[in-house]
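Everything below concerns the one structure shown next.
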């Protein structure tokens, strides 16, 4: 149903009953006089009488949907957040804590209102605070590859273009994600099965606007239409929410793409994009930008952070680490646009109990649910099975929309099936699947992906016999999950049972006296493993298993030091603290045997000599007697770092450079010591956070010759700022909250690159030399570059020339800028720096955008025998900017690029 509107006044649809009132904090008071609405004749799907009928049907559907909806309120949970001015329905299930507001309605409430969802119960996906907008102040800019760039006010948008009104179902790509998270945690939060809603949207055609602005031809590069919202978000170091669609979609009249300014007969609510948002029927919600400010026609797809790092379905073997390392986010074939086929059982609801008695067994029980598909494809069939897919029952469909004039369907439909109660009593599971007109259907089993998106496997409801009342039996129904952090669901039970079974399995410790040793596995004592602590033979112990990592020394991303620092020891805790699931799987390739565990921990075969550990022998000498023995004083070390050991360092000062950047100064164990960190290498900070060891690598910004202390410049990643990382940075937040005077363990040195002075490097132990250095950094990756530059500039006899290109999201994100600019002025013949930011303020004198070949050719030295490139930054920057552009410049990337 694509009904057009011919109202001569901009008002709510006649006859629509609203029992809630929009919050006037985002509207003028009194309500403004809106311009008249023109008729979109091109959108007509039938004659005038049919159009009037369609408009009448829409009004009736909205009226029905808005029945029995309580008023929205200022929710106490929003107090103290940037959204404390927005009224919201208190029944909405919050999925990401207090803020940002991401929510879905309880599934029974969603279905109670039928085809049209009341605005207060429409699911919400916000990445940050809701912008405070005013109709009169708002403009939408259309720019890029158009012949007539234009900035439209809201009144002009409504006045100059014909408006149309149509129902559209919106679905979050994460709908049903919690089912995926029960199998394996994705990087997304727990959407249930109510991340779907349907509204009647009124707006102006995007196609008409682009025509008015005279969009360029395809041959001139006008291939993509980018949308940018107004909210300020943390993603990528600070950005707007932006994404894009192909020109063909934007200009296709059958697609019904509109810029919407009304929802269910009212101006948009703040959470849904007031005053204007994009609606792309049949697409995922993530493409429908809210609080729309800019439309940019471009040759390439949108380069925004959220366009690449959100709304992708990557192959199941790709985890977050691999996606970053290998640039999976940027592969176009994994982007999500159109919705896939899906269906859900809504009746019976979760934990519903159906009593089994003479009355209930005399009539059938009606199963109900919803289904939808994408791209305008009609749902043609929904089927239910009670026997695991052996047989299927075809359901009745209730499709309350008419297709548009091109035969497209944009809304969900409802399905129902009557079944005998005794048949339900005999089944263990009810499952549903849907089909669309392209014969797409749902897979039987869940297919995991790292973002947990587009989950559309069979929706299964489990049944169990219960006793609701004395002398009576019944059937209790369980849905797979409950949304957010709510407990419940058969998948949660099964996961808990699996963990319990694993925990209850007997754990057999290998003992020298055990008759059950595995004779097929080599056994090693701790003393034997300790001997393998050199580059010629580097063994480690993790969870009682012995690994020979010698052949991996040259391949370790962090350099051989990362392994050698733990060689010959049990490093279980440290390994767990810093390695991903992928690394843990790789470790199995290097397993050579098992550790022999005994009742004591001494290397000796006699327990009488054991002074520490788990010994139960009562005759051991107390430790205190040994520690009071007269021992010669140990010689004082000139450097603090001891390989393979942690040293305690005291936090003596913390200085705030900006709202999220700190300088931390740590005192060394002795005031006359140097840290002992070679230039180019880094250290680990070690702390117990939330009961677990946390280790993070940092490069000090203080000089290597400083005595008694070292300094770190650290960007603090706060909890609740980035929706994809709601917990923030564990170590950076720990440092920020650490009381002055507290001790922190430090371990090092680590790294495969060492600058030995005057153009000389040791890389994996091999000598390299350069007179000119091309230095590329992104974000916090500036610190190792800074460390090398600092060492060079401190030596007046070091004539190495440095050319730095430093990329950030915004100018405010640039770390150590004052120091870098000072060096560039003081040592203009030896040190040059050029900044690149994605978005810039007026008057910015450096590059805007990304690190391109042009930027690198202009500001870095040419390739040659006397040039080396140094880089440290996010993996996509290294893979897609640094590597290919250096190759184009003639650098031998394999040999002449040193990546920290």
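Note that Cβ sites are derived from N, Cα and C of the backbone, with glycine treated the same way.
According to Swiss-Prot, the protein has these features:
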- 172: Mo-molybdopterin binding site (BINDING)
- 521-596: domain 'Cytochrome b5 heme-binding' (DOMAIN)
- 556, 579: heme binding site (BINDING)
- 644-756: domain 'FAD-binding FR-type' (DOMAIN)
- 696-699, 713-718, 725, 730-732, 783: FAD binding site (BINDING)
Checklist line | Averaged pLDDT, computed only over the residues in the domain 'FAD-binding FR-type' (644-756) | finding: 89
Checklist line | Neighbourhood of the residue listed as 'Mo-molybdopterin binding site' by C-beta distance under 8 A, where only residues 6 or more apart in the same chain count | finding: 123, 125, 191, 195, 196, 284, 285, 286
Checklist line | For residue 717 (FAD binding site): DSSP state (helix, strand, coil) | finding: coil
Margin query: Out of 698, 717, which of these binding-site residues shows the lowest number of other CB atoms within 10 Å of its CB?
Written below: 717
Next item on the list: State the Cα to Cα distance, in Å, between residue 717 (FAD binding site) and residue 556 (heme binding site), rounded to an integer.
Entry: 27
Next item on the list: Measure from the Cα of residue 556 (heme binding site) to the Cα of every one of the binding-site residues 696, 713, 731, then give the nearest.
Entry: 696
Note to self: Neighbour count, 10 Å Cβ-Cβ cut-off, for residue 696 (FAD binding site): what number do you get?
What the structure shows: 19
